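Here Swiss-Prot flags 22-115 as repeat 'Solcar 1'. The transmembrane segment feature in Swiss-Prot is assigned to 25-45, 63-83, 116-138, 188-209, 224-244, 296-319; the stated evidence is sequence analysis. Marked as repeat 'Solcar 2' by Swiss-Prot: 119-212. Annotation source Swiss-Prot lists repeat 'Solcar 3' at 222-313.
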Amino acid sequence: MNSAFSGPSSPTPGPSPPRPPLWPPLDFGLGALACCGACVFTNPLEVVKTRLQLQGELRARGSYRRLYRGVLQALWVVGRTDGLRGLQKGLTAALLYQGLMNGLRLGSYAQMQAAGVTDGPCCSLIAGAAAGALGAFIASPAYLVKTHLQAQTVAAIAVGHQHNHQGMSSALVSIYRREGVCGLWRGVNGAVPRVMVGSATQLATFSSAKDWITHTQWFSPLSSLNTLCAAVMSGVAVSIIMTPFDVISTRLYNQPVDQFKQGRLYCGFVDCLLKVCAAEGVLGLYKGMTPVFVRLAPHTTLSMLLWDVLRQRALPYTH
């Protein structure tokens, strides 16, 4: 594949030399800022994705009314019924989640990359997964509330369980009073595998693709197009691999709980996986695939591009 672009005289792609590390708090802050910036633009697609993934929960295809039939139609339905603000439901919780999760994830990965821990495909995958697991665990309460708020709407277009929170703060207080501290981390057993897989794919693909594009000399070595192309490739890879994990995570987070503070529909990741496949077929794991791709591809592209550019701009001022 390389020869189609580089010819026989092009240098063999290999890992780029590690960048000098930024001050860790700055690195974490830049990761958070980059992903929060991307989140503002892609949150309406996250709302639509959540609704599509909850539609027809544990019901066979054709046995339920499809209120949402695709990305554009779903955006229209939400905008018409809930107003323009409805397209940004859960934005505050989404920004908190992106700031916590991706600040930790990208910041810790950058520190491992600077230390040379990520050299080699397997090492970058493991480092990306570890960074993702850390970020997902810490930020899980924010994702829980985000899912509840984005699923919440008027009865005419409601899908999934409706939690009827008044906002992010009241949701956190309500969940804590009803279920305790553990309730704030309900669904984390679906979030950690989801982000581990997505993070490993995103960071390893982005790093490898950028090295390959730079070494095959598609563009000048300092061109931002190297970063942009690598980010697009990373976004496509993440969208394909992450969708089943995303569906399971959404279901675990949004399910109601019983008087024993246990989920009424699923008791864990594997149970959810088996029940979805049994009731909805394997394709049930790919519900919302289009909005996942439409959201994740630009979100990954924007966040990876912003993160890389911000780090490049910050580097001269920290050394």
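Cβ from N, Cα, C; glycine included.
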Give the nonlocal contacts of the transmembrane segment (116-138) in its own chain as ranges (CB under 8 Å, at least six residues past its ends).
15, 18, 100-106, 108-109, 185, 188, 191-192, 194-204, 207-208
Tally the residues of the repeat 'Solcar 1' (22-115) by DSSP class, grouping H, G and I as helix, E and B as strand, and everything else as coil.
72 helix, 0 strand, 22 coil
Count the residues of the repeat 'Solcar 3' (222-313) that DSSP assigns to helix (H, G, I), to strand (E, B) and to coil, and report the three numbers in that order.
73 helix, 2 strand, 17 coil
How do the residues of the repeat 'Solcar 2' (119-212) split into helix, strand and coil according to DSSP?
76 helix, 0 strand, 18 coil
Taking every residue in the repeat 'Solcar 3' (222-313), what is their average pLDDT?
88
